[in-house]
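Trainee: Have a look at this one.
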Amino acid sequence: MLGVVPDIDPEFFSLVVVPVFIFLARICDVTIGTMRIIFVSRGMKVIAPLLGFFEIFIWIVAVGQIFQNLTNPLNYFAYAAGFATGNYIGMLVEERLAMGLALIRIITQRDATNLIDYLRAAGYGVTVLDAHGKQGPGKVIFSVVKRKNMRDVEDAIHEFNPKAFYSVEDIRRAAEGTFPVTVPGPTPFSFGRVIRRGK
């Protein structure tokens, strides 16, 4: 008859439903925790505490289910597996969001004129210093870029100076700066795309 919810077998609930719930809850709270740490490092004082509230709330619910079902070893496995999976998903989300700024330092061993011209034409602020390394003269190129634009800069390095050494450092705060023009992307995770100019 419609509207009647069948009783769930207690053994099935204990052995299947509870471990699955714990697994999913751990994924959620660890993913939120990863994002909270990122927002704290970015100095976002409003979002970070809010995420912290939901993180600890979900964690308490998950731990409460374990204490109510201490005899089921699947709960412990689900707890650990959810923690590991949550870390992985959190890193994927962080990479997708690509929030904040990064300092990229490029050291070239040959002429870097084309790379420098491309970066400046694309709208990136570039500072160039003369350098001298083991294999002779070169250039050290500094640029502060939005993390969502890092792929564009790395592609340019691989195209114009494929053997150049470069390193990337996160920046918590920066004043002024020159960045490429962006337009809104089609999805919430796009956060704009770089308008690449022709070479």
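Even glycines carry a Cβ here, placed using N, Cα and C.
Annotations per Swiss-Prot:
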TRANSMEM  12-32  transmembrane segment
TRANSMEM  47-67  transmembrane segment
TRANSMEM  73-93  transmembrane segment
Trainee: For the transmembrane segment (12-32), what are the same-chain contacts with Cβ under 8 Å, counting residues 6+ beyond its ends?
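Mentor: Same-chain contacts beyond the ends: 51, 54-56, 58-59, 61-62, 65-66, 69, 72, 74-75, 77-79, 81-83, 85-87, 89-90, 93.
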Trainee: Same chain only, please: residues at least 6 beyond the ends of the transmembrane segment (73-93) with a C-beta under 8 Å from a C-beta of the stretch. Say none if there are none.
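Mentor: Tertiary neighbours of the transmembrane segment (73-93) are 15, 18-20, 22-31, 33-35, 62, 65-66.
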